[in-house]
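Peer 1: Take a look at the following structure, please.
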There are 2 protein chains.
Amino acid sequence: MSSVVHLIEEGREQREIRSLPSSHLQPQNAPYVHRVGVPRKQNLFKELGATVKETFFPDDPLRPFKDQPRSKKLLLGIQAVFPILEWGRSYNFAKFRGDLIAGLTIASLCIPQDISYAKLANMDPQFGLYASFVPPLIYACMGSSRDMVIGPVSVVSLLLGTLLQREIDPIKNKEEYRRLAFTATFFAGITEVTLGLFRLGFLVDFLSHAAVVGFMGGAAIAIALRQLKGFLGIQNFTKENGIVHVMHSVCQAAHHGWNWQTIVIGVSFLAFLLFAKYIGKKNKKLFWVPAIAPLISVILSTFFVYITRADKHGVRIVKHIEKGINPSSAKEIYFSGNYLLKGFKIGVVAGMIALTEAIAIGRTFASMKDYQVDGNKEMVALGTMNVVGSLTSCYVTTGSFSRSAVNYMAGCKTAVSNMIMSLVVLLTLLFITPLFKYTPNAILAAIIISAVIGLIDLEAVFLIWKIDKLDFVACMGAFFGVVFISVEIGLLIAVSISFAKILLQVTRPRTAILGKVPRTNVYRNVLQYPEATKVPGVLIVRVDSAIYFSNSNYIKERILRWLTDEEEKGIASYQPKIQFLIVEMSPVTDIDTSGIHAFEELYRSLQKREIQLVLANPGPVVIDKLLVSNFANLIGEDRIFLTVADAVASCSPKLAEEEQV
Amino acid sequence: MSSVVHLIEEGREQREIRSLPSSHLQPQNAPYVHRVGVPRKQNLFKELGATVKETFFPDDPLRPFKDQPRSKKLLLGIQAVFPILEWGRSYNFAKFRGDLIAGLTIASLCIPQDISYAKLANMDPQFGLYASFVPPLIYACMGSSRDMVIGPVSVVSLLLGTLLQREIDPIKNKEEYRRLAFTATFFAGITEVTLGLFRLGFLVDFLSHAAVVGFMGGAAIAIALRQLKGFLGIQNFTKENGIVHVMHSVCQAAHHGWNWQTIVIGVSFLAFLLFAKYIGKKNKKLFWVPAIAPLISVILSTFFVYITRADKHGVRIVKHIEKGINPSSAKEIYFSGNYLLKGFKIGVVAGMIALTEAIAIGRTFASMKDYQVDGNKEMVALGTMNVVGSLTSCYVTTGSFSRSAVNYMAGCKTAVSNMIMSLVVLLTLLFITPLFKYTPNAILAAIIISAVIGLIDLEAVFLIWKIDKLDFVACMGAFFGVVFISVEIGLLIAVSISFAKILLQVTRPRTAILGKVPRTNVYRNVLQYPEATKVPGVLIVRVDSAIYFSNSNYIKERILRWLTDEEEKGIASYQPKIQFLIVEMSPVTDIDTSGIHAFEELYRSLQKREIQLVLANPGPVVIDKLLVSNFANLIGEDRIFLTVADAVASCSPKLAEEEQV
């Protein structure tokens, strides 16, 4: 044991508060009072280095490199960029069997989804398939998640489509629209790589879980609403996403624009898809039923339309999917001109959202199988994949939650399942696309609707409501923002409320009055422990936050208000006058110049009321700053104690004396 | 004593963790272990109400109204808006004597300053005097500070001038410029009133002390540099504030544009002013020397120029100050058109900065004399004063630090000193302005330079450096931003760094390993108390922050990293394997859904390593959420303890047993 302690003690001395009288003034029979420790002043650059390291490299990425020969370091470095070199060496047939089954299952799910999602982004169907061919291959080599399935996803497709059509009409200026989409994809990738390289991965954490739940739910509703066009066979449909616009469009078309054949096809297959989903949920072993249901629907409905020639009766069909693999799009990206900036802006937003989704998926499955996903490395992988994608006619891709879940349940072992899926998509592009000609649009709408329903997480919403009401407000704000206004506004609301919550916490921290828990020597919040008793003549306040410029004034005034309240109560119940104010500083992890100013003002106010300020348990950073700023001297270093109990012990004798008089 | 406790206990019961085994599983002779308290679930609306109250009404403004008859409430309400009705009733001759002397002293200081500062805002000199006539009268009736002196101030004048001349040329379009200035003043007032009424006063706190120190210092340098124009008698001078532009202008003019007569006047009177300042600093009783020195300089230099007709030799003079009191400017404000929005934007920025300065001054002097200044009420007073000012040809006014300090030292008692000053300014406007005709511009430059030097607070900068390095970066960022680029950029840098600091704190909170402090039963940070010993087989980690979405993932990974580090150390020194991880949650004041997710993931990771997760001292909010989310059930409610000592006691027996094997 002691050797461990000595390891830490080495190279560090301890400055102690010299004049602490507890050691020499207290009578011999008084209880032992330990001194408040003051950590040794650290070298400025060391301190700065530690802060930078903790901020940007909290995961200690160089740990495996430590104490390794140079050649080993190089190998580890290459492996860090391409994890496939690491796990590939121990790859075997047993793993391949799992990956093969999983890969085939997700391929059957992704092909109809890809074609559908491309429509959300206002792109031709083949671009959805392109995006499930190249990016998964890149990710399989560079990514560290074993379960994440890469491809186009509904929310990002919708977001991209909405943002792009603000700038260019996707029907009139098809080519320019496509070029801007690739430009945005390129910059989405660059954004992701940059965030990863500069280790700014933590920015993704600023979108709170609650906000994401609300945003996803809202996006699901918005996406489902847009499907009413294909589902009801409406020709003239609004471009807006807001529910009001969409419902207006739907009602207007009701008199003449609905197509009953389309509706029959759509409704019956949607019912089939939802039933398949239900089966998969009931019996986890039948997970493959909902996974292949979309493909079956596509095949059946295509065959049905082909036989009945329903397309002649107003049932809209896919018509044409380009055959062949991804053409190069390197020359289509706008590297200059007006669209460069626009593409950049759209790319940054889409890239961040794509990142948020991928990181969430990566973390979820990693924690289920208990392996580590390095957020920053992941970002570099996802970014590279999108940059390469933008050069090969893919639009923004990321991890898909529904496909990753199927992948996980189908027993995937490594990213090889992504490669299998990619291969199947390749074969589809080469040989099968012409067969999709008669696929009705209604079936694609049904597939999207049945897929996005899974994004509405009512259980999570209920839990959020139970746990934190402010989180619930953020969640609902994002949800209604997306449903009623637009995707961007919903996103903006989500981010704003998330930030406001952080600021609120920092501006209005909690404070509590402490009392002595009976039969112990600990002091706790009297609201949590009503049995705790207050010490007569002493007010013990705990401040529950670091004291910074944004809250220092509030904290000072809050403490004075506690004091006034308690004094009034004391007078009402004939208590002795309060003579000591003990501030329990255990939760005060830091203090800045404004905070020290506020304490100086507090000290002066208390002096005028003849109340002595006493501090209990300041942490290492706080005690250091109190000493440096001379505040410790001002209140007297003998007024700073290790525990509240010690502080009370030092105040009480005096009070006891006076009570006897 | 007990009556106090009962007051609090009334109407509240306590839910207790039922299955806590500490009470029935522990052997009879084991130490007493107290249960973790769970506060009773509060009514949702009550809780919401309490949060809103704490956020927007932390000062409990309705406290004096409680239990009062209606007529009394009305009177108190009127007194709340016009504090003069309260303090006016106890006003007497002794107080008036103090106010009269103080008022005359600050009047002699403000008249030359007003004329000088008007030039900073690119306005004619009389507008400075106007701004020291009407607004102080309004403030005297509505404000609650007894020491603050109202009028135009250097930093706000410079800021306003800079922002306005971006839009309109102050020389070519004089009238439009003036109209925009009044429009901005109007909206500055509206901004201040709005912030006050909606009780958003805490927004001012988001500009950290360090950022304000840097910004003020930078503004002082920028203002002083601009004075080189008047000081050296240069004709063609840059409009930019950046030091590079200004020095370029000065050097270019060196060959032909400097006027030696001007320089002689400027330098000699600047020396006089600085000497007077020095005397006032040396002997606090001679505070009136620097206070009247500017007026003496103006009188002497005007007389000198008049006699020698130096204005014929290139010494630039004031030439003309409009005689008479403030004309109405109600019709000059742009309430429509293009300039409305511009005026609004400039007004918001100028209003916020004016507010920051006034609140800082109000608080400083209130804490020196120990009276309360109500921030939100202050804002309403300052806002009203600026709105009325904008209707009576005044530009943005606020509290002046230098004049307030003189007011305080001259023994002011109430806001009557502001009224006296206002009266003197009125007389000046009516009778004396023509006498300023021959006042040389150089003297005004000298007055400004000697005044703004006081804004550079090197002592504060040094203290900031000592206490907090990040604060120092914010300070320097603001300073260099103002000096090298412009006032707005400096301001932007100051605000950004202030925010970044808050976010950093929330994203990367501290964690610490705890050990047992010898001869006590308390567990503290081993870095602060190197003599503290770790318990073998147990790792105790303290998390020093609320656990929110922005840091939950970091905290989880940091705890796991501590574990890995300690396990490696343990193996190196043949320690028993770690079997328990105790998380001390005293500083964890809140947790949200993301935080609980992170803890669930932590629990699962620990389970795989066969380590038991134990929690110590969760606060009322945290224990409530742990129960609601079912996490307490997951880890076992018997794994949650009141103190670390209790938790260790429950882990150790097992370990002791195993050690015996």
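The backbone N, Cα and C atoms fix where each Cβ goes, and this holds for glycine too.
In case it's useful when we look at the structure, here is the feature table from TrEMBL:
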- A:528-651: domain 'STAS' (DOMAIN)
- A:180-200: transmembrane segment (TRANSMEM)
- A:206-225: transmembrane segment (TRANSMEM)
- A:262-280: transmembrane segment (TRANSMEM)
- A:286-307: transmembrane segment (TRANSMEM)
- A:346-367: transmembrane segment (TRANSMEM)
- A:379-398: transmembrane segment (TRANSMEM)
- A:419-436: transmembrane segment (TRANSMEM)
- A:442-465: transmembrane segment (TRANSMEM)
- A:472-500: transmembrane segment (TRANSMEM)
Peer 1: Please list the DSSP helix, strand and coil residue counts for the domain 'STAS' (A:528-651).
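Peer 2: Per DSSP, the residues of the domain 'STAS' (A:528-651) fall into 62 helix, 21 strand, 41 coil.
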Peer 1: Near the transmembrane segment (A:180-200), which same-chain residues lie under 8 Å Cβ to Cβ, leaving out any that are not at least 6 residues past its ends?
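Peer 2: Contacts of the transmembrane segment (A:180-200) (Cβ under 8 Å, skipping residues fewer than 6 from its ends): 56-57, 121, 123, 160, 163-164, 167-168, 329, 332-334, 339-340, 342-344, 346-348, 350-352, 354-355, 376-391, 393-396.
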Peer 1: When only pairs 6 or more apart in sequence are counted, do the transmembrane segment (A:286-307) and the transmembrane segment (A:442-465) reach 3 or more Cβ pairs under 8 Å?
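Peer 2: The answer is yes, given that the two segments have at least 3 Cβ pairs within the 8 Å cut-off.
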Peer 1: I'm a bit unsure how to read this: which one of A:206-225, A:346-367, A:379-398, A:442-465 has the highest number of Cβ pairs shorter than 8 Å with the transmembrane segment (A:472-500)?
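Peer 2: Result: A:206-225.
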Peer 1: Any chance the transmembrane segment (A:379-398) and the transmembrane segment (A:419-436) are in contact, meaning at least three CB pairs closer than 8 A with a sequence separation of 6+?
Peer 2: no
Peer 1: Which residues, given as numbers and ranges, are at least 6 beyond the ends of the transmembrane segment (A:206-225) yet have a Cβ under 8 Å from it?
Peer 2: 120, 154-155, 158-159, 241, 243, 246-247, 356, 360, 448-449, 452-457, 460-461, 464, 468, 471-472, 474-483, 487, 490-491, 494-495, 497-499, 501
Peer 1: Determine which residues of the chain contact the transmembrane segment (A:419-436) at the Cβ level, with the cut-off under 8 Å and only residues 6 or more beyond its ends counted.
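Peer 2: Here the qualifying positions are 99-100, 102-104, 106-108, 110-111, 114-115, 125-126, 129-130, 132-134, 136-137, 140, 149, 298, 302, 318, 321-326.
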